[in-house]
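Everything on this sheet refers to the single structure shown next.
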């Protein structure tokens, strides 16, 4: 039987693309195992799917001064030894890594055991963990065309990011019914992430009376960010977080306002939803969201507002522009080479396995 080890963790963004591959890998006859950290978020997400999970020690490799810099390298070395032992016992045909520091010892151990490893980079520029893994990888999957410039030409493949199948099964009527909306008024969906986006929430609420003249508004504002004083507005609903019904809300939405995390924007691309991206500022991140957003804007998929210039005026201008030009955004997304990532990556896994 064909066997594959998936790895990646530390954040949900390093796990959900792996989850998106699982159904396709099973269809191809793969026995799937997952290697992650002992207590990371990946353990909970993977075990509930019934996939065999194997924990290893994990340490973060920091580029700044921290007392843990003295202990974490030993955790990485321990994780490497544990990964080598696991790979010897599991004897997979291929390792697929979504990144995160737990993946580093797994990819290095795969190289040592002569098992081909494929790694995936979601952001425009490779993060530290993936940079450490690239020399040991057989292939490197990229999410953005620009990322190919940072990768060895003989290893780089533009695939996009795997998207969960259930997102494609949304029903517009179910989404409208869930929100108590009518079918004859367009819908604006705001996705602030699980923790919310304070500046985005403020801008939307400041502009709400104007937005409601043209749209019905679904506002996913993040944990603890619901403001009951806005419930009086007809055509406006707010939620901390939406789980199983998210696919229906996407189906109901005509346009979307979102942060610019790689997984989030690739979902918008796959669903062909015209969108406005408001990336995290460089001060609040390593700048990857800004680069992600600029790439999507350059390719004609998105309208971008830098957080520093976000205001009532810039947001209203963006919303009206994107809504009035929906067709051009959708057409650009249809022509993208970053779609069908699941099929492309599984094809690459098969190619590497057969070499």
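Cβ coordinates are placed from backbone N, Cα and C, and glycine is handled just like the others.
Straight from Swiss-Prot, the features:
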- 11, 12, 13, 164, 194, 289: UDP-N-acetyl-alpha-D-glucosamine binding site (BINDING)
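Overlay of Swiss-Prot annotations on the structure.
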{"residue": "11", "record": "UDP-N-acetyl-alpha-D-glucosamine binding site", "contacts (Cβ under 8 Å, 6+ apart)": "41, 100"}
{"residue": "12", "record": "UDP-N-acetyl-alpha-D-glucosamine binding site", "contacts (Cβ under 8 Å, 6+ apart)": "41, 45"}
{"residue": "13", "record": "UDP-N-acetyl-alpha-D-glucosamine binding site", "contacts (Cβ under 8 Å, 6+ apart)": "122, 261, 262, 263"}
{"residue": "164", "record": "UDP-N-acetyl-alpha-D-glucosamine binding site", "contacts (Cβ under 8 Å, 6+ apart)": "16, 19, 20"}
{"residue": "289", "record": "UDP-N-acetyl-alpha-D-glucosamine binding site", "contacts (Cβ under 8 Å, 6+ apart)": "259, 260, 261, 279, 280"}
DSSP-derived class (H/G/I helix, E/B strand, else coil) of residue 289 (UDP-N-acetyl-alpha-D-glucosamine binding site): helix
